[in-house]
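Everything below concerns the one structure shown next.
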Amino acid sequence: MNLLILLFFPLVGSLACLLNKNYAKQTALISALITLGLAIVLLSDFNADASRQFVVDFAWIPQLGINFKAGIDGISMIMVLLTTGLVPLIILSGFNRTFKNPSALFALILFMQSGLLIVFTALDAFLFYVGWEAALIPIYFICAIWGGADRIRVNMKFFIYTFSGSLFMLLGIIFLHLQTPANNYDIDAFYALNLDANTQGWLFWCFFIAFAIKMPIFPFHTWQPDTYTEAPTMGTMLLAGIMLKMGIYGVIRWLIPVVPLGFIEWKQVAIILSIIGIVYASIIAFTQKDIKKLIAYSSIAHVGLISAGIFAWNVEGVQGAMIQMLNHGINVIGLFFIIDIIINRLNTREISAMGGIAKVAPQFAIAFLIILLGTVALPLTNGFIGEFLLLNAVYQYQIWAAAIAGLTIIFGAVYMLRMYKNVMQGQLNELTASFKDIKGTEILVLSIICALVIVIGVYPKPILHISEAAVNGLINQVNNKLAF
Amino acid sequence: MIDLVWLIPLFPFIGFLINGLGRNFLPKVVIGSIASLAVLASFGVSLGIFFEFNATEPVIINLFDWIKVGGIDIPFSFQIDQLSILMLLIITGIGSLIHIYSVGYMSHDAGFGKFFAYLNLFVFFMLLLVLGSNYVIMFIGWEGVGLCSYLLIGFWYTNANYADAAKKAFIMNRIGDLGFLLGVFLIISTFGSVSFAEIFPKAAGMISGDATLTLITILLFIGAIGKSAQLPLFTWLPDAMAGPTPVSALIHAATMVTAGIYMIARSNILFTLSPVTMSIIAVIGLATAIIAAIIALTQTDIKKVLAYSTVSQLGYMFLGLGVGAYTGAFFHVLTHAFFKALLFLGAGSVIHAMSDEQDMRKMGGLKSKLPITFFTMLMGTLAISGLPPFAGFFSKDEILAHVYEHNKLLWIIGLLGALLTAFYMFRMMFLTFWGSFRGTEEQKHHLHESPISMTLPLIILAVLSVVGGFIGVPEVLGGGHWLSHYLAPVFESSTSKMGELALDHTTEYMLMGISVGGVVLAILYAYIKYIKNNHVPVLDSEPRSALAKISYSKFYFDEFYNAIIQKPLDALSGFFYKVIDKSGIDALVNGLGKGSIEASKTLRLLQTGNVGFYIFAMVIGVIALLLYSFFKF
Amino acid sequence: MDNITSTIQVVPLNHYILLSAIIFSIGVIGVLIRRNAIIIFMCVELMLNAVNLLLVAFSAYSGDASGQVFVFFVMALAAAEVAVGLAIIVMVYRNTSSIDINVLNRLKW
């Protein structure tokens, strides 16, 4: 099957949403499901032992050496599955909410999906950059139009933050472009470059800042809690579930293999920043009073572990990161959906105003607990596979680093269980007494997420298998290059 | 039969699924029977394996590949050997008794179905823990039982204190789990595998005192500290009494808390080769045993007494492990499972009869009202006190004999602890069953012996508490010590490195004599104080002597942790959020934006709106450019 | 064509340059110091024509017609400018009853 169909089908769906105003959400869901179907067709043709597949490559702006080159290897396959799998859930999660101008909202979501898919499959730096920014524009509008009270200020900050990061990356891309023998943007040409260590050192920072802001890594994270809090829940899900993975994916595909010497030089700094982020964000999450902000900070901590594992750069770390990206996407979407349900019913984000919900909403409590356990990485849930591999990777780098990063296991339990206790347990109050248990699409979404949490945790092998060959290939490629 | 080992955890898991899904509409009888039968079925299979198994080498049963990444290969597989078989029997045997007991105990609770679902799930995870053939599968069970413990402690979650206790248990366990996990990583990097079958032979070839081994064992021991409630992480266990009493009996006395001992016994060769760790274990075990025993002396809540007694007994087991008495420690796990489960279930029966009253100051004189409960609990108390020929005597004696050989000072302290145990256990018995009734009239009216589903398990456990010790009668008393022979293959490599216990018979008789004599004196003292003088502990509001106060306040451990860990972390959290995040990084970022705004505010003043000025500026600009190009080129 | 060129060449080139410099300076100074928009406008035209004069002169002297072609462009531009500029001034007058440029200082921050 042609990869282009997958990449641009969401745009068709987006257009259909705009035209079909009365049934926008249904149209969007159908489109997202078809895209998921396309991805599954792609997966069935996919050969995990071979490298890049389904490559499309044609001249786009030949005068500037820009090609439209995209293809899928195991790493991209995971990301494509993540994107196509989560978007239907995200759309479904908004099914029984009312929005002003829903057709525009769903159209933007699908538009963003297209941009994300381009980012995850691009093999041309220019195309990658275009996708990178194309994904930013819809989320900006989603947050700016459907967000909370403080959305304009927060959004401006978010946009400028990430955009200035991107500009550094653009600088790096153009520099690399000028260095390539054929003056193009091809990823293989970038990989083949042999720049001196100094150049690679500052190039590392150009890319690192862009990716670090997107993830976000401490201290580039301050846009994130505010934006997650103010964005509409679907926007938050897109941001936390998929968009931040652009940064992680970027590190794996565009940062470390492109500037291996720069990576070696700054490896330690990157790992230390990641680990600081884990502890720092976890500790902040302890006393957050706003439930959405608590999850936002916990997300920083989890992403910190993923990035630490990647920068340790061994098979366990990168494989752990791959599966953990998927898991984090699933779990964080589940958590934000849970929180959306709570906020929607109670009209408050204050944890102190809640309590005892488990009594009146037992099904909701079970779903919450399962997703929460996935988040705190209990064995036999998906989170454990990822955290085990990631911590092991960090351990191989440095035992103390692993001990400190491992605090996430304890701290995660502390803030998550504290939240669960304050929200779900204890006595009911006037506000929570009328809480209705979940029904309809809510049950559907939460059961899918819970099922994924457990299935991946019990049998992760198929997913690990998808990316295994690609990850090994990439790591060998970098190591060979470093060996010279 | 051995090939069917996967059935053992499967039965409780199926029970969990059925009860979990049908908790709201299945009748209570069905739920209770399914749950109990599931565990009984596992017990049956375990018995079958017990009789069939006679190999000296462990049997490994591979189910599927779980995680396989890079240098890590973790199969989902089970290991059958003498150690796991005995644990299987304890878990499923005592587990099924407690399930049956719970049918009666929980019959009035609204969460009946949920309770049995959780209980089955717990058994499932506990079985995974002991069946796992590598450290990671063990870790699944390890954390899984922690989860069930969390769920069951917080079973009555509408009470915020109970929910807090559950949270505390989970978090303290997690602290240990981090140590365990790091230990596993170190094992992977040292041995290149997590499977017991590959690690232990390699480890046996290493020299004693190897630094890596020491670090591995210390990290694993940290895991055991959390799970088995040792100093300094023991405070969660007494709080865990917030859960229903059968939970305390099953999880917090008989099975889960002994997981740490099981793990160390399982990895005995690693520990044998790390003398430093062994000393640490012995000291921590002993300290825990003594401190918990001292705290138990003044507690007034019947379950709290038993909880501290459990902590104290676990301390003994670690003391045994620390001096290399693996068989002795495991023997104590076994006998302790019998008598402590019995005591908890008995206490549950008392609480049930007293309409959920747990304060011993309000009990008294229950002997005649609850004869079966009284008699069975008395058996348990005699067993835990270490009087011959009850079960506890043999196991405790074996540990103390090893300690004596190892270090006389440790033995003296350990003996002191044993006397304290006898004292506080009989204090509990006397306060509860002797004297006159001190509760309200209404409670008195409701007093009744528990139904047969509750007393039957009590009777069975009482029998086991009496005769259970005979599987390990030492040679000096004319026994063959069946247990030690049975477990010999498991501890073979360790015993070959340490040598057998080498005390002559006279010393052994003397040791037994001293401990039995001391215990009898302690019981007599308790008798004089609580029966002759009718002493009843004072109310919380009344003053206590300084020592009693320290004991009653549990040595202020909770307050201490609160002050040095929780408060500072919360303060740090506020500091990070308000100062570093908001006024630091975020202010810097916002400052960049504000800076540009300020700069533009200043610059825009140049736009005066006066056309003449614009033209003037333009002309000046043109002239400047001309001059520049004129002089430059 | 020849006689025109020769006629132009009767006057030395320096005189043309001087003359157009003077006219240009008058234009510049007029733009700078007058406040009446129409006069400023005429001064701009003056500058343009000074340049035109210079272009024609140079064109004649160097025998290259492109300079004169350029002058036509300038004249066309000036015409267009007059059309737009005068319209603006008329509109300004209608709105402010004045064509004093100091009154037009509202175009600022």
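Any Cβ shown, glycine's included, is placed from N, Cα and C.
Lifted from TrEMBL, the feature list:
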DOMAIN    B:66-116  domain 'NADH-Ubiquinone oxidoreductase (complex I) chain 5 N-terminal'
DOMAIN    B:134-421  domain 'NADH:quinone oxidoreductase/Mrp antiporter transmembrane'
TRANSMEM  B:6-22  transmembrane segment
TRANSMEM  B:29-51  transmembrane segment
TRANSMEM  B:83-103  transmembrane segment
TRANSMEM  B:139-157  transmembrane segment
TRANSMEM  B:203-226  transmembrane segment
TRANSMEM  B:247-265  transmembrane segment
TRANSMEM  B:277-298  transmembrane segment
TRANSMEM  B:305-323  transmembrane segment
TRANSMEM  B:329-351  transmembrane segment
TRANSMEM  B:455-473  transmembrane segment
TRANSMEM  B:509-528  transmembrane segment
TRANSMEM  B:611-631  transmembrane segment
Would the transmembrane segment (B:203-226) count as touching the transmembrane segment (B:83-103), i.e. at least 3 C-beta pairs under 8 angstroms with sequence separation of 6+? no
Do the transmembrane segment (B:247-265) and the transmembrane segment (B:509-528) come together with 3 or more C-beta pairs under 8 Å, pairs six or more apart in sequence? no
Would you kindly list the residues that approach the transmembrane segment (B:329-351) from elsewhere in its chain, counting only those six or more residues past its ends and only Cβ-Cβ distances under 8 Å? 83, 86, 90, 94, 97-98, 101, 105, 244-246, 248-250, 252-255, 258, 261-262, 265, 302-303, 306, 309-310, 313, 316-318, 320-321, 357-358, 363, 366, 370, 373, 376-377, 379-381, 383-384, 390-392, 394-396, 398-399, 432, 449-450, 454-455, 457-458, 461-462, 464-465, 468-469, 471-472, 483, 487
Residue list, the transmembrane segment (B:509-528) vs rest of chain: Cβ under 8 Å, 6 or more residues beyond ends. 385-388, 393, 396-397, 400-401, 404, 415, 418-420, 422-423, 426-427, 430, 476, 503
Intrachain residues whose Cβ lies under 8 Å of the transmembrane segment (B:139-157), provided they are six or more past its termini: 111, 114-115, 118-119, 121-122, 124-132, 163, 165-167, 169-170, 173-174, 177, 180-181, 184, 223, 227, 239-240, 242-244, 247, 251-252, 255-256, 259, 263
Rounded mean pLDDT within the domain 'NADH-Ubiquinone oxidoreductase (complex I) chain 5 N-terminal' (B:66-116) lands at 87
Among B:277-298, B:305-323, B:611-631, the most Cβ pairs under 8 Å with the transmembrane segment (B:203-226) come from B:277-298
Could you give the residue numbers and ranges of same-chain residues that sit at least 6 residues beyond the transmembrane segment (B:277-298) on either side and whose C-beta is under 8 angstroms from one of its C-beta atoms? 214, 217-218, 221, 225, 229-231, 234, 264, 271, 304-305, 308-309, 311-324, 403, 406-407, 410, 413-414, 416-417, 420-421, 423-424, 427, 537, 544, 548, 551-552, 554-555
DSSP-derived helix, strand and coil totals, residue by residue, for the domain 'NADH-Ubiquinone oxidoreductase (complex I) chain 5 N-terminal' (B:66-116): 29 helix, 13 strand, 9 coil
